[in-house]
Amino acid sequence: PLAFGWKLQHPSLSAMPSSPIPVPQALIPSPPPTAAAQQLDELLADLGHMQSKLAAVGQGAGVPAEPKPSLDNMLGSLTRDLQELGITATPSGTCAACHKPIAGKVLTALGKTWHPEHFTCTHCGQELGCQPFFERGGQAYCEEDYHQAFLPRCAYCAGPIREKVLTALDQTWHPEHFFCAHCGKVFGDDGFHERSGKPYCHQDFLAMFAPKCQGCNRPVTDNYLSALQGVWHPECFVCAECLSGFASGSFFELQGRPYCELHFHQRQGNICHGCGRPVTGRCITAAGRKYHPEHFICAYCLGQLQKGTFREHGNKTYCQACHDKLFL
């Protein structure tokens, strides 16, 4: 097996302050109306009061009440009366909401004129004349509705991000909500690792997702060997019996563990009783032991024995002649 290096990816983290659309200054109602406008307001109030009294008297006398004149007719009649008195009443503008003339206070915003009570939030209808507002697409919004509708959302809490925004994993986050999905710690200089769209600190990512060495069961993060259907630290890939490396470049497998040649055959019971080395070729089995053919010899005269023509005494083998000479 060959050894080669690999590195975990280290995505980058970026943070930047969010910059919502600048808040237009709350508009202050225009300067106090002129004396003519004040007189017009008072006349309108008196006219409405008189109209109410006439309607009540007509109903009490059994006389059918005349239809209530519209505001436009009342303004037109009042304007004519004022002109006959030598007073010219010019409307301040036309309300962008109700499209009616503005005779009293006027509010200017978004390049248009409004009755103060008609300049409201597009979403909730709240009057905006005395508070800051935001503009989007030519429409006005109160601060809360604008934040809810248009500010970026935090991927963790789903709330609008009103101040600093952190961008990572193709999403936006409150800086305090971007932390390790396992231990909850905010990321430091080591950055973070991503798995299935979630961020993890370096330590937890290795513990949870990095491949484990078959020898020591610790994460493999650098050079490694691939063998026996797993990965190994180079220093961990040694004989399971003597813990020596494989200088020859080869090893033997037994029950998923690597062994040198000697200890593999020793585990298999294939060691020559004569020389103590593995028996890999021709083998002689005698007295429950295995021998290289050349090592199956008489313990006294060292002559080579033939299977079936030897004698055993004291865990040693002898030829017939030596056995009779020594023990008979």
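Here the Cβ of each residue, glycine as well, is placed from N, Cα and C on the backbone.
Listed in TrEMBL for this protein:
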type	residues	note
DOMAIN	93-152	domain 'LIM zinc-binding'
DOMAIN	153-210	domain 'LIM zinc-binding'
DOMAIN	211-270	domain 'LIM zinc-binding'
DOMAIN	271-328	domain 'LIM zinc-binding'
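Within the domain 'LIM zinc-binding' (211-270), the DSSP-based counts of helix, strand and coil residues read 11 helix, 16 strand, 33 coil.
Secondary structure of the domain 'LIM zinc-binding' (93-152) per DSSP (helix as H, G, I; strand as E, B; remaining residues coil): 11 helix, 18 strand, 31 coil. Summarised by DSSP class, the composition of the domain 'LIM zinc-binding' (271-328) is 11 helix, 19 strand, 28 coil. Across the range of the domain 'LIM zinc-binding' (153-210), the DSSP-based residue counts are 11 helix, 18 strand, 29 coil.
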